[in-house]
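These notes concern the structure reproduced below.
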Amino acid sequence: MFDIHREELDWGGRTLVLETGKMARQADGAVFASYGDTTVLATVVSAREPKPGQDFFPLTVNYQEKTYAAGRIPGGYFKREGRPSEKETLVSRLIDRPIRPLFADGYKNDTQVVVTVLAHDLENDPDVLSMVAASAALTLSGVPFMGPIGGARVGFVGDEYVLNPTIEELKDSALDLVVAGTSDAVLMVESEAKELSEEVMLGAVMFGHRHFQPVIEAIIRLAEKAAKEPRPFEPVDHSALEAKIREIAEADLRAAYKIKQKQARYEAVGAAKSKVKKYFEQLAIDGQEAPKAQDVAEVLKGLEAKIVRWAILDDGIRIDGRDVKTVRPIVSEVGILPRAHGSALFTRGETQALVVATLGTGEDEQFIDSLEGTYKEHFLLHYNFPPFSVGETGRMGSPGRREIGHGKLAWRAIHPMLPAKHEFPYTLRVVSEILESNGSSSMATVCGTSLSLMDAGVPLKSPVAGIAMGLILEGEKFAVLSDILGDEDHLGDMDFKVAGTESGVTALQMDIKIAGITEEIMKVALAQAKDGRAHILGEMSKALTSARAELGEHAPRIEVMKIAVDKIREVIGSGGKVIREIVEKTGAKINIEDDGTIKIASASGDSIKAAINWIKSIASEPEVGAIYDGTVVKVVDFGAFVNFFGSKDGLVHISQLSKERVAKSSDVVKEGDKVKVKLVGFDERGKTRLSMKAVDQTTGEDLEAKAKSEKDAAKEGDEAGAAE
């Protein structure tokens, strides 16, 4: 019944299995893959014909995690998987990016890749396995895919690279890098690093490339046994159409691409395209054969690319007049918004990001439910890209895949530089509002995030900057571009984003639109990016060089204290009664952890102090000889009862009210008076004895200790005089 084909190999100390012929047989390609006990199913279906009028390649990649894969039931009311999580969106992009450039030019058939996680051993992350399985399914499917590709994760522990580190091993790694590519070249890199050098990063990329070659060979062996017949596909020859369009509009397009200002350039390019469109419309009106509008648009795009690319390769001059290494003018400003905890406006050429940092408490942490379990995230970074940023109208609403991906890249760049949570116990939310975009808005977000966090008083280990690099490659000739424009991104061959500090790289993302690039090109790009990053950090330092000494005026203050674990129940109280009363009366937010750590937060220092004193009064005992603030709660003939140390009450005997003789207690104090008392001890019945006369009521100084100190000093003086 089943025609099963299977390939196995030992890869990084674990067995990788690729199998086809048993599951999802009606898909064009289907591969059941496992690594350790993590298992995925990848399927590919591609339409037989493109939709009429289709002018782009409609590739969709859906990565989905099923909670049964980890033996869990989904949370929530409906108890089934819902909209894609951030992780699912990011892995979908991770798979999409290296496979997209390998489809044949001109192929426009609707194509869907679906990868489903069926089992997760909680050791091996399914993302790389999913990429490998998708590559294998595409290779078997018969669609015009110029693969296969391989992929690998690389860690860096103790100055050594680690192939496919487990989830636990990654916790000790200074690097989390995923690389994908063909047997000849690298196509995609995604990474987070702890200030590693460019040499280490490049070494990691090439280490991963070498070690996924056996995977590519296994996919080829599987394809030799089980691949479907290649689909017939012949790209349309547009050479005659291109010659005509060159005749009509090449001169106008060349002139347009010498205009440095984006909007003016777009208007000139639009005018040239309109001229072409009108020419072919007139042909149709005259009854002559006219090409399809989508073919005209495709040829025009190719002509634009050639004009821009050869101007750079031949003359070293870019669209806006810069040479290949120059970064656009930068303006950095902080403290832009009056009520925000931290804010920055970062402008680089025609790209601008308004970035706002907000500090919160443990209650504000994001609860994340993943296959690995549930946890809380205290650093959130949200990237918004409204249509007005590029002078267009468009959809507004929940973030798309691109916004989620760009936000996560900026998150990776900043995350290694955050202070340890126990040193800075705040929840951090950063929002980047892209106000203008002409290339590299994600790297503007990195720069703005660094500035806004420092403006909020967050003690980053070092400022972080990011830069986007581009590539123009024709045969053996290439040019690496620093700080690319949007047009250079669209018309170029690479989008290579590098973020880091003066000391090293913290994040690296690379997407290639051609069949891959070599180690030499990556080496040039990394070196050029390092110079650009240093320049940007210098420009940022004109606004702020390090975190402000104090938190923002409107930010909450957090104090941390610790109590014995067996006292937690008393602080919380029956049904939370006690903790609710403390919060209500003091106005502070209180978070109690299982180990007895308590975080008290409020914008008011008095509120925090009151909450701390209240908790101390429950969880600990007052110390004999210590001085406390108190309130007179009752005046009696023989003294006054004073509330102190939270909810503790003690008696100040009439003889302890004042140094002077007191006839009536009410002559010295009355109910509600704020006083300072010293705990002098306990009577035989365990009742607390307090003294007011032992304390200076203005300064809180211990008068008994002061008198003793003066007496001891005088005695030492007498003894010294006698000795003489």
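Just so you know, glycine gets a Cβ as well, placed from its N, Cα and C.
Positions annotated as Mg(2+) binding site by Swiss-Prot, on the basis of sequence analysis: ASP489, ASP495. Other C-beta atoms found within 10 angstroms of the C-beta of ASP489 (Mg(2+) binding site) number 18, with every protein chain shown included. Taken residue by residue with DSSP, ASP489 (Mg(2+) binding site) is part of a helix.
Annotation source Swiss-Prot lists compositional bias 'Basic and acidic residues' at 703-718.
Annotated domain 'KH' per Swiss-Prot: 556-615, in sequence order.
Taken from Swiss-Prot, the feature domain 'S1 motif' applies to 625-693. Confidence across the domain 'S1 motif' (625-693), taken as the mean pLDDT and rounded to a whole number, stands at 86.
Positions annotated as region 'Disordered' by Swiss-Prot: 691-724.
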**Fill in**
The correct DSSP tally for the domain 'S1 motif' (625-693) reads 6 helix, 35 strand, 28 coil
**Item:** Residues of the domain 'KH' (556-615) by DSSP state, where helix covers H, G and I
**Value:** 32 helix, 16 strand, 12 coil
